[in-house]
Amino acid sequence: MKVLTSALLAGALALTAVAAKAETLVIAGRDGGYGKALSLAVDAYKEKNPDLEIERLELTGGGLFEKVTIAMREKSAAYDVIMLDDPWAVEFMAKGWLADLDALGGGVDEDFVAPARAVSRYPVGTGPYYAVPFVGNVELFAYRKDLFEKFGLGAPESWTDVVKAAKVISEKEDGVSGVVYRGQKANPIVTGFLPILWAHGARIVDADGNASLDSEAALEAMNLWLELKSYAPKGVETYNATEVRDALMQGTTAMTIELWPAWAPSLDDPSASKVPGKIEIMAAPGQVQGPAPMLGSWLVAVPADSENKDRARDFIDFLTSPEMQKKLALEVGTPPTRASVYKDADVVAKYRWYPNQVAALMNAQPRPRITQWSKVETILGDYLQLALIGQMAPKDALAEANGKIARALSH
Amino acid sequence: MRGKVLRPALAYLVTALVLLPIVWMVGTSVKPPIEYVSPVVDLLPNAPTGEHYRQLIDDGILGKMLNSLIVSFGATFLALFAGFLAAYALVRLKLPKNADMAFLLFVLLIKLSPPIVLAIPLYQVLRTLGLLDTLAGLVLVYQVYALPFAIWMLLGFVRDVPVAYEEAALMDGASLFQRMVHVVVPLMTPGLIATAVFVLILCWNEFVYALLFIQTPSKFTLPTFIATLITEDETFWGRLSAIGFIASLPILALVGVVQKGLTRGFSGGLK
Amino acid sequence: MKSGRLVPLLFLAPALFLFGLLTIYPLVRVFLLSFFYTEYGFSGASFVGLENYAALLGDSFFRIATWNTIFFTVTATASEVGLGLLLALLVSKRFPGRFIVIPTLVAPFVLSTMVVTAIWRAWFHYDFGFLNNVLRAGGLPPVAWLFDPDIAIFSLVLVDVWQTVPLTFLILLAGLQSIQPEIYEAARMDGAGPRQILLRITIPLLIPHILLASLLRSIDSFKIFDKVYALTGGGPGQATETLSMYVYRLGFQFFDVGMASAAAVIMIVIAGALAALYAVRIMKGESHAG
């Protein structure tokens with residue numbers, strides 16, 4: 001028995017010692033196009049630092065959030081660089097999970113666009129920097145100019161115009177749906193709905209930090225959003241970025257209420273798009289309030305428990321340098337966060353909509369700066385989908401969501 | 001007479017249907033991407049390719065496989081060790097009144113507890129032991145599944161060892177330890193192997209705890225790695241099928257053992 | 001056999017230690033935490049009495065998850081035991097190739113759930129999934145396997161059936177083979193037809209095996225997590241949200257550990273009641289069958 005026990009112990013020790021290592025940098029980031037961008041940057045960085053080992057974790061938005069939050073709570077020191085969506089940043093910074101980048105030295109350039117810089121500091125807009133903006137995403141609206149002209153429709157100025165156009169085109173144009181959006185639970189469905197909610201003057205959380213979804217304005221917004229479903233393709237409740245992009249580029253939809261620049265770098269590329277040059281991109285329309293493009297910037301940060309902070313900081317600087325941003329914009333279509341890159345002649349020549357995009361980005365509004373945002377988003381996402389698949393009346397869905405959001409905000 | 005033809009025919013048909021998804025998987029693992037998004041029924045590729053397998057090697061699949069092997073064998077060894085001793089004591093040794101029944105009910109309670117329910121406190125256990133984000137930590141928490149299962153199966157096999165052999169050894173003056181090593185274990189070898197195979201498969205396939213307790217990418221096991229192939233932008237069906245096939249090969253090879261072990265192990269648990 | 005008092009306990013010690021550390025301690029902790037509001041452990045937790053339980057009972061999602069779990073457990077268990085029995089009857093007699101057919105039928109059982117869900121996700125795909133391709137080729141309309149709220153849970157059952165029927169099949173096959181051939185012969189001599197033999201002799205004699213298969217399958221289907229996680233994420237809406245998924249979301253997405261613990265306690269109570277039901281039946285059966 002003694003023999004067995006000691007064998008067991010030796011085995012356990014051997015297991016823990018498996019990861020004997022040279023200098024290693026562990027990066028937890030997003031998948032898809034963001035992952036491709038990170039791969040390019042990592043390869044270039046490895047060339048400069050041949051002795052460094054770099055480990056990568058690529059996950060979906062939701063998957064990354066869970067993994068990273070658990071690691072932060074456990075102070076597991078598993079990651080040295082993490083990618084985070086700007087609405088998560090408040091919680092991460094407020095709870096002391098991220099390293100103060102100012103203290104690590106190097107500063108954060110004024111060249112990064114102001115709204116993305118503001119959300120990288122805590123207290124928001126004034127405190128020290130805990131993150132650097134990596135992807136300059138801003139929520140835009142896209143429509144098929146050729147179809148709008150064909151049916152004598154002008155560019156939509158309000159959400160009511162959007163509904164009208166969606167109805168006309170889905171009825172008259174074969175094989176083309178009026179509109180698409182993301183219907184998947186959690187973050188996707190919520191970001192699709194938010195511009196409509198905001199345009200109606202409604203808010204999820206009011207200025208005093210109270211849940212405020214039980215308003216008339218919110219109900220109107222919800223009804224309009226639900227009306228759009230009649231003109232959307234079948235199965236829209238399962239749509240995510242891929243499906244929206246495919247519908248747009250395969251020419252099977254007239255509008256998408258939500259387009260993130262990082263999704264569609266090749267709108268004009270005839271090998272990827274069946275409708276090159278026909279898609280127009282603009283800030284989402286208003287309703288009772290003017291358009292307010294939504295900020296959706298992905299940031300990069302160093303966890304406070306990382307054991308390799310200086311190296312991580314150096315990689316972040318490399319990743320967000322003007323040269324790398326230009327390279328990533330040109331090769332993968334990652335939207336830059338530096339104003340100077342948007343003015344670069346090569347970049348502008350490749351992406352005709354970049355002037356519109358950077359204008360929207362400069363004026364972008366962030367989602368509520370509360371530590372409970374991820375919970376709020378999950379709750380709202382659940383109820384939006386219940387309403388979307390017709391299992392709950394809009395009013396009830398909003399009321400129940402509001403109640404749960406209030407509980408989440410109270411802690 | 002009709003039954004003599006109909007029955008085998010039906011059995012072959014059902015077998016083919018059951019096998020279909022696996023055939024599809026193998027086919028898709030060598031299909032070029034353009035073929036698997038086509039709206040046409042085709043199980044096998046028109047232009048086979050090895051690119052998915054190559055990509056998996058680039059993804060570091062071998063490291064993940066090694067992790068899975070270490071964790072599965074480690075957990076199986078631990079479960080068999082603790083499980084065999086417990087099963088032997090329950091069947092052959094004098095326990096306080098009703099203690100054996102109480103112990104079995106207790107095993108049942110553990111089998112009933114959903115793993116996810118235990119996950120939150122287990123976090124704290126692993127952190128206290130400094131075993132979070134380590135393979136050794138997984139070996140430990142896999143006992144939640146592996147140990148009750150091992151005890152359950154081994155009970156039947158211990159009962160099958162004729163008492164007479166042990167009594168004979170006892171007459172010859174063999175100690176308990178000697179009886180175990182020279183009589184019980186050799187007689188139980190087939191049962192131990194069958195149990196080991198089962199626990200191995202259980203641990204090889206485990207997902208929830210590996211998802212929650214491992215953070216560093218180089219320590220991922222195969223099932224958690226598989227889950228990362230379903231991305232927000234696209235699902236890599238080819239690579240997913242290829243890795244599914246690779247991960248299944250070793251255990252598919254054991255299917256015969258499983259079939260025999262299951263039949264005996266579970267009917268043992270009934271008696 | 002002779003042995004000291006201490007020896008049996010020594011033999012049980014490793015298992016008891018592991019159970020204590022990995023199950024008893026966690027279960028006690030879950031029970032205690034269910035009376036607190038906490039994002040993690042006891043530090044910074046505030047005692048809230050039965051508030052978590054009240055919040056759960058008032059939450060429509062919890063009721064939906066409970067209903068879905070029970071519905072799934074019953075549907076999946078019944079289908080798996082039923083199909084397992086049919087398969088066992090189908091191959092119980094010798095025929096050419098039987099030695100290949102049986103292991104092949106068992107194959108899906110050894111596959112990783114992640115592999116299984118990956119295959120079925122592709123098969124269920126609305127636009128280019130294998131199932132809908134087959135339907136279209138047969139001139140039938142495609143089915144929204146995963147996004148019709150009324151169908152999604154059955155798709156989940158289908159996957160579970162494919163993966164786990166081998167287990168019920170093997171248990172019941174073992175049961176069939178343990179029935180003495182003399183019993184059948186005696187029945188035939190008395191002029192019983194095949195149907196009567198099945199209903200009057202085979203099935204009654206199989207009851208312990210049927211109960212065992214049902215017990216094992218219902219315990220596992222009650223706990224179902226990874227299939228839901230990888231196949232539907234609990235959607236569309238809440239249509240496939242199960243209790244394990246609900247606990248997971250509360251615990252690891254919301255970090256509402258107190259309420260997650262309360263939900264966990266309710267889950268264990270339901271599971272315990274379920275097991276007790278079978279235990280009583282099995283013990284009864286044993287006293288009859290001897």
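Yeah, the Cβs are placed from backbone N, Cα and C, and that goes for glycine too.
Automated prediction, rather than curation, is the source of TrEMBL annotations.
Copied over from TrEMBL, here are the features:
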{"type": "DOMAIN", "residues": "B:65-258", "note": "domain 'ABC transmembrane type-1'"}
{"type": "TRANSMEM", "residues": "B:9-27", "note": "transmembrane segment"}
{"type": "TRANSMEM", "residues": "B:69-91", "note": "transmembrane segment"}
{"type": "TRANSMEM", "residues": "B:103-123", "note": "transmembrane segment"}
{"type": "TRANSMEM", "residues": "B:135-158", "note": "transmembrane segment"}
{"type": "TRANSMEM", "residues": "B:179-201", "note": "transmembrane segment"}
{"type": "TRANSMEM", "residues": "B:207-230", "note": "transmembrane segment"}
{"type": "TRANSMEM", "residues": "B:242-262", "note": "transmembrane segment"}
Checklist line | the transmembrane segment (B:242-262) touching the transmembrane segment (B:69-91) per 3+ Cβ pairs under 8 Å rule | finding: no
Next item on the list: Would you kindly list the residues that approach the transmembrane segment (B:242-262) from elsewhere in its chain, counting only those six or more residues past its ends and only Cβ-Cβ distances under 8 Å?
Entry: 22, 25-26, 29-30, 52-53, 56, 61, 65, 68, 153, 193-195, 197-198, 200-201, 204-205, 222-223, 225-226, 229
Item checked: Considering the transmembrane segment (B:103-123), which listed stretch of B:9-27, B:135-158, B:179-201, B:207-230 counts the most C-beta pairs under 8 Å -> B:135-158
Checklist line | Recorded stretch that, among B:9-27, B:135-158, B:179-201, has the most CB pairs under 8 Å to the transmembrane segment (B:207-230) | finding: B:135-158
Note to self: For the transmembrane segment (B:9-27), give me same-chain residues lying six or more residues beyond its boundaries with a C-beta closer than 8 angstroms to one of its C-beta atoms, as numbers and ranges.
What the structure shows: 42-45, 241, 244-245, 248
